[in-house]
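Listed features, source Swiss-Prot:
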- 109-302: domain 'ATP-grasp' (DOMAIN)
- 136-186: ATP binding site (BINDING)
- ASP253, GLU269: Mg(2+) 1 binding site (BINDING)
- GLU269, ASN271: Mg(2+) 2 binding site (BINDING)
Amino acid sequence: MRRDVSSKASPKVAMMMGGTSSERAVSLSSGRECGAALRAEGFEVIDLDAGPDLAARLEDLRPDVVFNALHGRWGEDGCVQGLLEWLRIPYTHSGVLASALAMDKERTKAAYAAAGLPIATSGLFTRAQIAARHVMPPPYVIKPYNEGSSVGVYLVPEGAEAAPELADDLPDTLMVEAFVPGRELTVTVQGDRALCVTDIVTEGWYDYDAKYVPGGSRHVLPAEVPGDVYDACMAHAETAHRVLGCRGISRTDFRWDPRRSLDGLALLETNTQPGMTPTSLTPEQAQHVGLGFGALCRWIVEDASCDR
């Protein structure tokens, strides 16, 4: 560690946000919220919009810690974590390996399966294969295997004659995953403990707008589900956090088909840098267990280190 975060009463924090991924707007919102909370907690916070000159700016600023509020590619996939390790600047959230692994949905699911966690059937297919025929019986979901925030996600409903026309900016290889009907559940893990289960209620598909537009979804916490399903979500989220090697906070998303009871539960993905916007799930879950937003942000900073 180049600088000892714990030895300073109020470390100088670089709030790294923005970046160039498709999730830039979400990242800016998270960064602004966290920056304001940390300033209220007495920290010196410097806003840092990550761009091509990031390494030089970090060397000039010489922060005691980097709060990584980036989302999506480059900021959440191990790339910027590697830069911070190289510069020996303590940083928040997961390290290089866990970030890269969790960002790759196919490898994440392989890690889940190896740990005995329940998953939905899925595979990687080219755009040409998807366009030519159904690669699995509908309903199924098409999504990039290395993006978050439901960017570029398509739901192919039961009875559809063909897959939808895909946006030109999507990659050539995509994940296709069997759609699990029912409810969307999610669990935040802080350190090594699960906080609670939230049931995400929407009018339709839980897409980008449902996640980030006020009123786009309703969050019920604690989720009103059977006790064995609730306990399984909590335990599975902790296991996912551990087997992926996550640090700090993570959030694991599930689908649950109530018709199949506990057998209807499937892990979708683990987010190593959960959103911290006004409509985000992780701050709500922390508040539910008595940890206010400012205290959560403080904990994240105090947890920062190198060699994560």
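Glycine residues also receive a Cβ, built from the backbone N, Cα and C atoms like all the rest.
Structure with Swiss-Prot features highlighted.
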{"residue": "MET136", "record": "ATP binding site", "Cβ within 10 Å": "15"}
{"residue": "LYS143", "record": "ATP binding site", "Cβ within 10 Å": "22"}
{"residue": "PRO157", "record": "ATP binding site", "Cβ within 10 Å": "11"}
{"residue": "PRO164", "record": "ATP binding site", "Cβ within 10 Å": "13"}
{"residue": "PRO171", "record": "ATP binding site", "Cβ within 10 Å": "13"}
{"residue": "ALA178", "record": "ATP binding site", "Cβ within 10 Å": "17"}
{"residue": "LEU185", "record": "ATP binding site", "Cβ within 10 Å": "24"}
{"residue": "ASP253", "record": "Mg(2+) 1 binding site", "Cβ within 10 Å": "21"}
{"residue": "GLU269", "record": "Mg(2+) 1 binding site", "Cβ within 10 Å": "21"}
{"residue": "ASN271", "record": "Mg(2+) 2 binding site", "Cβ within 10 Å": "24"}
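For MET136 (ATP binding site), the nearest neighbour among the binding-site residues ASP253, GLU269, ASN271, judged by Cα separation, is GLU269.
In this structure, the C-alpha atom of PRO171 (ATP binding site) lies 20 angstrom from that of ASN271 (Mg(2+) 2 binding site).
Distance from the CA of ASP253 (Mg(2+) 1 binding site) to the CA of ASN271 (Mg(2+) 2 binding site) is 8 Å. GLU269 (Mg(2+) 1 binding site) is 12 Å away from LYS143 (ATP binding site) when you measure Cα to Cα. Taken residue by residue with DSSP, PRO171 (ATP binding site) is part of neither helix nor strand, so it is coil.
GLU269 (Mg(2+) 1 binding site) and PRO157 (ATP binding site) are 21 Å apart (CA-CA, integer value). Taking CA atoms as the reference points, ASP253 (Mg(2+) 1 binding site) and LEU185 (ATP binding site) are 6 Å apart. DSSP assigns PRO164 (ATP binding site) to coil, not to a helix or a strand. Each residue in the domain 'ATP-grasp' (109-302) has a pLDDT score, and their mean in this model is 91.
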